[in-house]
Amino acid sequence: MKVIISPAAINGVVTANPSKSAMQRAVAAALLAKGTTMIHNPGLSNDCLAALEVAENLGAMVKRLDDGIQITSKGVQPFYDEINCGESGLGIRMFTPIAALSEQPITIEGHGSLVTRPMHFFEEVLPQLGVEIKSRDGKLPLKIKGPLQAKDITIDGSLSSQFLTGLLMAFGSVADKAAITVKDLKSKPYIALTLQIMEHFGVKVRQDNFQVFHFDKKQEYRAKEYTVEGDWSGAAFLLVAAAVAGKAEVHHLNTQSAQSDKAIMEALEKAGAEILPGVFTMIVVKNALKAFEMDATDCPDLFPPLVALAANCKGITKIKGVSRLAHKESDRGLTLQQEFAKMGIKIDLQGDEMFVHGGTGIKGNVTVSSHNDHRIAMACAVAALTADGAITIENAEAINKSYPEFYEHLETLGGIVEREELKV
Ligand SMILES: O=C(O)C1=C[C@@H](OP(=O)(O)O)[C@@H](O)[C@H](O)C1
Ligand SMILES: C=C(OP(=O)(O)O)C(=O)O
């Protein structure tokens, strides 16, 4: 699908979409728990749907009800010898150690960009925990055979926190006394979110400075009611849209959330946007915007909205953490540079730093590509609001990975979105 976004002023109120990071973790916890869990405000993005299907294939019963999604489980008891994590990096890295709790051989598949994302971590770590594993040169498909035994282990956390999330979740249901030591952990707030959700479902982990994670006694996940928080990662695009093109009120955003991407507020403040915080509501209003500096090493998903913001800020914005972007749905440092260049915005990449030359005007009447990356599509859509003509985004349906409601929400706020379905 192509969408054409015309320049427009933003003004309106929306409720943030459910966080896929929180939803996927809750689905995993519900699978690991014995009993019936009810998930309210469930996410229905592609990554969330993939997590639900994986949970079903690993033994859970999933029912869609009017007030949420009900998951009934007896723990991991696979129905099939294959699971498919769709395009979700978190999904595959979290569910692989969980699937390995069973002794049944299981093939783990995915599609799209997931097929080229690195998984060699598992080949280094899982054999130390008693799991046999084969991959295609560190990539999908993975073939595993458990059962995983929780033991003291040291891992490298520099590529992604998602592997640690998977080990923590799996250890939570089998560890007696064990510790995971992590070297050079990145994206730490995502681990805080994992620990918070594990604790909600009855499993406590003692941690020292995000370096050592101790399991002190045998614990069990308990089936619970859980309400998925609003998604700061998706809302970041709407808040930036307001800062550059008008005003927006976004509901269901918790400023006390463990989500790393609430750091968008720090960037908006530095850039000079007007911010009116409320209880579970953020109001952002346009103001004169200036270049800012930000370290996004631990909140890498903020790069695309930060670039859309920086494009509208006078001066050169410096964002640190570019090396975290190489293995996302696209190589996001390069795709941002390439697509924003088409809109007349110069981006320099120097080592781990990105420099965005903003305030020079955004060029419209151009076609950009999402590179099948949801966050690139959303960043280009926000850039279009202040361009001097409409911007066509190819492969615009990429947003379904995390935020299927994105274009509707943009329209609710006053955005002008024309959809062109491809004719077959
Ligand atoms: O745990 C999670 O929910 C996520 C962790 C982050 O990945 P890294 O830990 O690889 O940075 C983030 O980029 C991803 O979108 C979601
Ligand atoms: C990188 C992302 O997700 P994941 O790694 O879970 O595929 C993302 O949502 O931007």
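Note that Cβ sites are derived from N, Cα and C of the backbone, with glycine treated the same way.
Curation does not apply to TrEMBL; its annotations are automatic.
According to TrEMBL, the protein has these features:
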type	residues	note
DOMAIN	7-410	domain 'Enolpyruvate transferase'
BINDING	Lys20, Gly89, Arg117, Gln162, Arg332, Arg375, Lys401	phosphoenolpyruvate binding site
BINDING	Lys20, Ser21, Arg25, Ser160, Ser161, Gln162, Ser187, Asp301, Lys328	3-phosphoshikimate binding site
ACT_SITE	Asp301	active site, proton acceptor
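Recorded features from TrEMBL, shown on the structure.
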residue: Lys20; record: phosphoenolpyruvate binding site; contacts (Cβ under 8 Å, 6+ apart): Gly43, Ser45, Asp47, Cys48, Leu90, Asp231, Ser233, Ser402
residue: Arg25; record: 3-phosphoshikimate binding site; contacts (Cβ under 8 Å, 6+ apart): Met94, Thr165, Met169, Leu193, Thr194, Ile197
residue: Gly89; record: phosphoenolpyruvate binding site; contacts (Cβ under 8 Å, 6+ apart): Leu114, Arg117, Ser160, Gln162, Lys328
residue: Ser161; record: 3-phosphoshikimate binding site; contacts (Cβ under 8 Å, 6+ apart): Leu185, Lys186, Ser187, Lys188, Tyr190, Ile191
residue: Arg332; record: phosphoenolpyruvate binding site; contacts (Cβ under 8 Å, 6+ apart): Pro300, Phe303, Pro304, Leu325, Ala326, Asp373, Arg375, Ile376
residue: Lys401; record: phosphoenolpyruvate binding site; contacts (Cβ under 8 Å, 6+ apart): Ser45, Asn46, Asp47, Glu87, Ser88, Glu329, His374
If you count Cβ atoms within 10 Å of the Cβ of Arg117 (phosphoenolpyruvate binding site), leaving out that atom itself, what do you get?
22
Go through Lys328, Arg375, the listed binding-site residues, and name the one with the sparsest Cβ surroundings, counting other Cβ atoms within 10 Å.
Lys328
Can you list which of these recorded positions (Lys20, Arg117, Gln162, Asp301, Arg332) have a Cβ closer than 6 Å to ligand 1?
Gln162, Asp301
Suppose we screen the recorded positions Lys20, Arg117, Ser187, Asp301, Arg375 by Cβ distance to ligand 2 with a cut-off under 6 Å; which survive, in sequence order?
Asp301, Arg375
As a test of the contact definition, list every same-chain residue at least 6 positions from the residue listed as 'active site, proton acceptor' whose Cβ is closer than 8 Å to its Cβ.
Ser233, Ser260, Asp261, Lys328, Arg375
Diameter of the 3-phosphoshikimate binding set by C-alpha atoms, the set being Lys20, Ser21, Arg25, Ser160, Ser161, Gln162, Ser187, Asp301, Lys328, in angstrom:
19
